[in-house]
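Asks: Questions regarding the structure given below will be posed in turn.
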Amino acid sequence: MAFAKCFTSFLLVLCVFVPTLVLSDLSITSSNFLEHANKPEVFDWMVGIRNDLHECPELLYDVFETSERVRQELDNLKIPYKSSVAKTGVIGYVGTMEEPFVALRADMDGLPIHEMVEWEHKSKIDGKMHACGHDAHTAMLLGASKILKEHEKELQGTVLLVFQPAEEGGAGAREVWKTGLLKEVKAIFGLHVAPDVPVGVVGSRAGDFMAGSGTFEAVITGEGGHAAQPHMGIDPVVAAANVIISLQHLISREAEPGDPQVVTVAKLEGSDAFNVIPNTVTIGGSFRAFSTIRHLRRRIEEVIVAQAAVSKCNAAVNFFEDVKPLYPAVNNNEKLYDHFKNVATQMLGPQRVLEAPQVTVSEDFAFYQEELPGLFFFLGIKNETHGEEPVHSAHFDIAQDAFPYGAALHASLATTYLSDVLGSQGKQYPRDEL
Ligand SMILES: [Zn+2]
Ligand SMILES: [Zn+2]
């Protein structure tokens, strides 16, 4: 994901929120949690965990060492957990061990990128790097776990601490959901580090927030031949050209203006000779959309097959859903968004709680939100000394001063959700508000 620049515009739009909830127990919320998270025994501990994880990034579902470290830390905190969740996931439990249940989620996987940042905790594994900040997400959720455990007797329900594998293209969230372990959860919260947002600033929005995404490849088959005699064959190159132009019409002619959608053909392979018409041309690319993501997928297939047929070619389309599943859009529940604004405003002040713009990057947190109310937000980690390298860059870096904010917000969101939101309403938000 590439968040850089996404926030630049909305940093100028400061929002003043009117709290609609009165936080009932300030001994376990907002500034107290932040103060707690800033103490060396929490802050230094989180930084140490993040540094260790950063040195040994693992990919997709194979986050064995990371998972073991999480389990060790939960053992040390005397927090019970379930392991081997979706292969390497871990779910910790803190609170009354009875309903109501609320969940906090962190992803644990790295990326197949060779780190170019020279620092003492540089990745020790060639070709692998925590370039999306999931090492920081894991450390901050452990920080929240520590804070929540120390306030366990005050919790009015149970917080599930979800450490998830395979966010980067593997739909780990979908596999965690399939285990059934989150079935009784009333709400789920997640965060992502944002390298173009200052430390101590957060952002989110109600409704559509981050686009859904998918990948496609099409093999267009004609009948190859000599470049001098195109009439003797069926040229898949011209067919592919028409397909590519027609795919762009899905955005310019079918998408509603104001509803962000993207179709990008990024791959094009034909003959490697100047005078040979190939038998096949392969095109491939990526598409992004919000609520219309599945409709867009269907139209991409229809257009490729039909437009290829216009040129007497056949087309086979592959969406790779077994290895790169279609990600739905991140859509934040409105009431949870109000809750987030209240908690963050109490902790940070209104000037540091921003309404984020919609972005066309994706997040598998959306799979949870298809099943239960959820809220996802961005946490500023801008590193003033290294500049604004985007996530998924080999130069990506994090200002670790942000960790207490992430840990304290996680802890506060869950605690006050149990005490104030469920306490006052006694039931979960209806699905139709998703
Ligand atoms: Zn990423
Ligand atoms: Zn990420």
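Every residue, even glycine, has its Cβ placed from backbone N, Cα and C.
Just so you know, TrEMBL annotations are computer predictions that nobody has curated.
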Asks: What does TrEMBL list, out of Glu168, Glu217, Glu370, as binding the same Mn(2+) as Cys132, His134, His192, His392?
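Replies: When TrEMBL describes the Mn(2+) site, the candidate it includes is Glu168.
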Asks: According to DSSP, does Glu168 (Mn(2+) binding site) sit in a helix, a strand, or coil?
Replies: coil
Asks: What number of additional C-beta atoms lies within 10 angstroms of the C-beta atom of Glu168 (Mn(2+) binding site)?
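Replies: Taking every protein chain into account, the count is 20.
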Asks: How many helix, strand and coil residues does the domain 'Peptidase M20 dimerisation' (212-304) contain under DSSP?
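Replies: Final tally across the stretch: 34 helix, 34 strand, 25 coil.
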Asks: What's the most sparsely packed of the binding-site residues His134, His192, His392, counting other C-beta atoms within 10 A?
Replies: His392
Asks: Tally every other Cβ atom lying within 10 Å of the Cβ atom of Cys132 (Mn(2+) binding site).
Replies: 26
